[in-house]
Amino acid sequence: MQGDCIWDMTIPPPEKSIYYFKAAAKVSFSDRDKLNGNYDISYEQFIHSVRNSLSDNIIHQSTIIRNTGEIIALLLYCGSETKVQLNQGKYTFKQSQTEKKLNIVLFINVILMVCLSALMTGLNHNFLQNRISQLWYIYPDSREINLPAQSLATFATFAILFNRLIPISIAIALEVARFFFFNLVQSDFEMAQFIDNQQKRDFSFTTCKVQNLNLHEELGQVRYILCDKTGTLTQNELIVRDILVCSNLEAQINRCIMLCHKCSLINSTMEQESKYCGESQDEITLLYHLKTQRISQISYRDSQLIEIDMYSSIEKYEILRTFEFTSERKLMSVIVQNLKDQKVYLFIKGADSAVLPFVNESIDKQSVQQMLNIESKKGHRTLVFAMRELFLHKDEDMLEIRESDILNDLIILGASSMEDLLQDSVFDCIQDFMAAGINVWMLTGDKLETSLEIARSCGLITQNEELIELTDDTFQMPAAKFSISICGEYFQKLLHEQTELFSDNILKFASSVVVNRCSPGQKAMITSYVKEKLCKQGTTLAIGDGGNDINMIQTAHIGIGVFGKEGNQAATYSDFAIPKFKALRRLLFWHGRSFGYHLTGYVKMFMFKNMTFGLVQLFQNLKTGFSGSTLFVDFEYGLYDPLMTVVYITNYCAFDQDIPFQVTNIESKLKFKLSQYYRYCRDEIQEKMLFPQYTLFWLPYIILSSAFIYYISESTLCGVSDQSGRITGFISWSSAIYFCLPIMHSMQVLIAFRNHTLWTFAALAFQVVVFFPVSLTLNELTPGSEKYRSMYLEIMSQELFWLVLFFMCSTLLLLKYGLDCYNQLIKAPQYTLIQ
């Protein structure tokens with residue numbers, strides 16, 4: 001630009017709203033007097049060139065500037081003040097619902113431990129007060145006993161004895177299981193995508209990426225999926241299905257396509273052919289269609305001149321004025337002058353509802369509309385093209401022309417029919433999600449017509465249900481099945497006003513919801529609403545592929561990013577990243593359901609092995625005058641949890657498969673729908689883990705098992721003597737209990753396994769191999785008399801010891817197996833698998 005330019009611009013503070021911008025600019029050019037003056041720049045001028053070339057040169061973040069030698073730029077906002085960054089929101093730590101329930105279980109156990117310790121301390125205090133004179137062999141001088149200090153020490157002793165009621169190691173073991181499961185998910189080739197790029201003579205390989213290890217089980221509890229449209233459900237690729245021509249005007253409609261657009265021609269020294277670049281995928285697709293059909297192509301383009309090659313003939317046009325597309329007008333028009341015959345033309349393209357009202361009265365609008373309706377029912381996107389010749393004076397100022405003055409008496413040239421292809425298996429995936437009781441919402445920034453077309457093609461909206469477009473506060477609940485369509489701005493308005501529509505949670509009863517014209521901030525707001533109001537007990541999942549989906553992804557319980565053609569911003573900020581939408585089905589139905597199912601059993605069996613170890617100590621102290629004496633020696637107490645029991649159950653949580661993954665591609669072999677099984681595992685197993693499964697069934701079973709093990713061992717083995725006639729005492733039933741607990745736990749896990757592999761038997765063998773030799777070796781090394789060590793060996797050499805051990809284990813295992821049979825064969829026989 002030649003000459004001096006003085007800018008004086010006033011802009012508002014950073015504003016989150018995408019669709020709001022208001023500024024004032026004072027511009028002075030030394031050589032362009034007609035551009036000097038004050039300008040009020042609003043949102044429409046910021047986005048589109050409406051008045052003059054000043055607003056036409058405003059560009060946005062991430063814009064690629066090509067074919068430009070020099071630029072003068074004024075930076076309005078940067079960094080955290082840009083609208084994109086303001087709409088991103090802040091990252092919040094995500095914790096799974098199952099982990100929260102596990103924390104409640106642990107909290108209950110803490111309370112139980114404190115109460116039991118306090119109760120036993122009180123009983124010990126009362127016992128000493130009443131019988132301390134009889135315990136002269138323990139307390140020779142009872143007057144020197146400080147009972148309050150003794151009670152405090154007793155409480156600490158019982159807290160140590162009962163600390164196994166709080167299985168701290170469950171968190172560590174769970175992280176180990178998650179790590180192995182994380183590798184299993186990432187190495188699943190069923191979710192991988194191979195891309196063979198023949199032009200570059202290479203191929204790429206992309207598979208699922210796990211970026212948050214805390215949410216595996218959440219994938220099995222999803223109730224709401226909120227998904228983007230473009231690039232997530234669709235391939236982000238348009239295909240021209242047909243160009244409908246009216247009255248032999250094929251040449252004119254081709255000219256309209258070549259002239260009425262905002263695409264630039266990119267000439268690269270690295271490539272032989274030039275490329276089209278623009279913000280509208282529709283325009284780029286149409287231009288490439290004409291080029292590949294060898295009908296016409298652009299040979300030169302700048303801001304004032306466009307040169308096209310039509311049927312091997314060069315035509316040059318001067319661009320006099322451009323009225324860009326807006327969502328309100330739903331059309332775009334351009335005034336050009338043919339430099340050969342000097343004629344001026346107005347070319348127009350847009351939606352049928354915006355163009356047809358301005359056509360010549362002699363044209364049969366009804367037949368044109370019927371032709372367009374046929375294409376719309378196919379789910380195709382349509383654009384109508386029209387033109388007229390203008391008779392303007394050569395000295396007339398183009399900036400003073402208003403579009404409304406020339407937008408009349410149009411001639412219809414024809415229409416284009418394009419299809420935004422869905423990704424593979426999108427329709428089947430959404431049908432399975434809905435069959436699994438998952439509500440699917442589509443949040444898109446596209447206009448209403450486009451969003452509804454895609455919703456119908458992917459199965460969100462069916463012909464058998466009523467479609468309700470919410471545009472005002474009047475709404476009556478339909479009697480039949482219905483879907484809802486609503487604008488993002490109107491949704492936000494209703495939320496702020498707390499209308500009856502939301503207080504009654506009418507959206508919960510809709511089979512699907514389509515939100516159009518939705519900004520990134522509104523996507524996050526809607527996700528937060530669904531998360532807090534509609535899905536309080538379940539899990540929300542958000543999936544998208546673009547930077548405008550990041551806020552939504554971070555707001556939901558689970559964020560899924562799709563590796564997109566326009567970048568990997570969403571995948572970078574997500575909890576899980578997948579190459580295609582269809583991989584979400586396998587991620588939920590196979591991996592998420594499987595890990596959630598096994599985690600529920602893992603928690604219950606882990607609590608069993610730890611709580612029984614602590615409760616038998618309780619029964620022992622009820623027998624010994626609440627003295628705080630331990631039933632086990634120190635090495636048994638220390639090695640029971642980390643070495644004797646944790647390996648096998650961690651293997652169960654990480655590697656077991658209730659449905660073998662080998663039947664992935666042959667689900668027809670299953671006697672049930674996988675979507676229904678997902679629903680059963682979510683509703684009947686995972687969500688009921690805390691109540692009633694743990695509180696009403698598992699906790700009483702643990703207490704009953706602990707009492708059974710202790711009193712059967714104590715009553716049958718208390719009088720056992722060795723070969724010399726010596727009574728072995730509590731060592732006999734202590735050894736039986738210590739042997740019974742790991743064996744019981746290992747057999748429980750063995751019964752719970754559904755897919756036995758070499759790894760499962762190796763883990764069981766390792767636990768058995770470690771348990772017996774370590775127990776025998778450490779007993780030999782235990783400090784104490786030879787008398788104690790010989791008793792230990794004498795007890796295990798007696799038949800009664802093994803008979804009692806077998807009786808206790810078999811009785812409790814039969815009870816556990818009976819409960820499992822009830823759950824599988826009676827409550828849900830259709831999901832029982834015969835291994």
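The backbone N, Cα and C atoms fix where each Cβ goes, glycine too.
Sequence-distant contacts of the transmembrane segment (104-123) (same chain, at least 6 residues past either end, Cβ-Cβ under 8 Å): 151, 154-155, 158-159, 162-163, 165-167, 170, 603, 607, 611, 614, 618, 621, 626, 628, 690, 694. Residues or ranges marked as transmembrane segment in TrEMBL: 104-123 (among others).
Taken from TrEMBL, the feature transmembrane segment applies to 152-174 (among others).
Annotated domain 'P-type ATPase C-terminal' per TrEMBL: 572-826, in sequence order.
Per TrEMBL, the feature transmembrane segment maps to 694-713 (among others).
Taken from TrEMBL, the feature transmembrane segment covers 725-744 (among others).
What TrEMBL lists as transmembrane segment is 756-776 (among others).
Sequence annotations record features per position, and here TrEMBL assigns transmembrane segment to 800-819 (among others).
Counting Cβ pairs closer than 8 Å to the transmembrane segment (725-744), the top stretch among 152-174, 694-713, 756-776 is 694-713. Beyond the ends of the transmembrane segment (152-174), by six or more residues, the same chain brings 102, 106, 109-110, 112-114, 116-118, 120-121, 124-125, 599, 602-603, 606-607, 610-611, 613-615, 617-618, 621, 626, 628, 630, 640-642, 646, 649-650, 653 to within a C-beta distance below 8 angstroms of the stretch.
Taken together, the residues of the domain 'P-type ATPase C-terminal' (572-826) have an average pLDDT of 83.
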